[in-house]
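These come from Swiss-Prot:
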- N9: site 'Discriminates between blocked and unblocked aminoacyl-tRNA' (SITE)
- F14, Y64, N66, N112: tRNA binding site (BINDING)
- H19: active site, proton acceptor (ACT_SITE)
- D91: site 'Stabilizes the basic form of H active site to accept a proton' (SITE)
Amino acid sequence: MKCIVGLGNPGKKFEMTRHNVGFLAIDRLAEKHGISLNEAKFNALMGTGRINGERVVLVKPLTYMNLSGEAVRPILDYYKIEIDDLLVIYDDLDMVPGKLRFRPKGSAGGHNGIKSLIQHLGTAEFKRLKLGIGRPPHPIKVVDWVLMNYRKDELPELNETLDNAVTAATDFVDTDWLALMNRYN
């Protein structure tokens, strides 16, 4: 079984913010594969189903970004999912908008959601799909930028990014990791 987690913040006011691109990707992935995100447990909204014939659980932690690990660890334990079968989708300030990149492991890089996951999983060696949101233009602060809604003129690029993320996450389920990185990076 695979676990695909999208990071974000719960609630209507955060729905279309840059920090919620992981949630948006999970919503679109669930829709594409007919998986209902209707199970609320372990401080997360989740749904189970099949992608490319493999069992998956899709997860949106409801703990707020900075505490994401509190939701993910119990889910992995409950379903007996190995760290190697986990993919985390999240926003990356240091990548241009529209770009996506798989990473096999790494530091938190200043991302508090990833920091929480590393703390609760006890390792930084979990797979990631980073979606670029870019750095804020001067004088906007990073904290304000990530919690800002996408502008209307940014929505076509966001939709393309989410479509690409769904394709990439779908491929994660049954594609060799090196082939996946070669294809998308």
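Residue numbering: from 1, along the chain as shown.
Yeah, the Cβs are placed from backbone N, Cα and C, and that goes for glycine too.
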Cα-nearest neighbour of Y64 (tRNA binding site) within the listed recorded positions, N9, H19, D91: N9
N66 (tRNA binding site): nearby recorded positions from N9, H19, D91, Cα cut-off 10 Å: N9
Residue, out of the recorded positions N9, N66, whose Cβ gathers the largest set of other Cβ atoms within 10 Å: N9
H19 (active site, proton acceptor) and N112 (tRNA binding site), Cα-Cα, nearest whole angstrom: 11
Env. residues of tRNA site, Cβ within 8 Å of mean position of F14, Y64, N66, N112 Cβ: N9, H19, T63, M65, L67, S68, G113
Listed recorded positions (F14, H19, Y64, N112), ranked by Cβ neighbours within 10 Å, top entry: H19
C-beta crowding around D91 (site 'Stabilizes the basic form of H active site to accept a proton'), within 10 angstroms: 25
Rounded to the nearest Å - Cα separation of H19 (active site, proton acceptor) and D91 (site 'Stabilizes the basic form of H active site to accept a proton'): 6
N9 (site 'Discriminates between blocked and unblocked aminoacyl-tRNA') and D91 (site 'Stabilizes the basic form of H active site to accept a proton'), distance between Cα atoms, whole Å: 12
Secondary structure of N112 (tRNA binding site) (DSSP, helix/strand/coil): helix
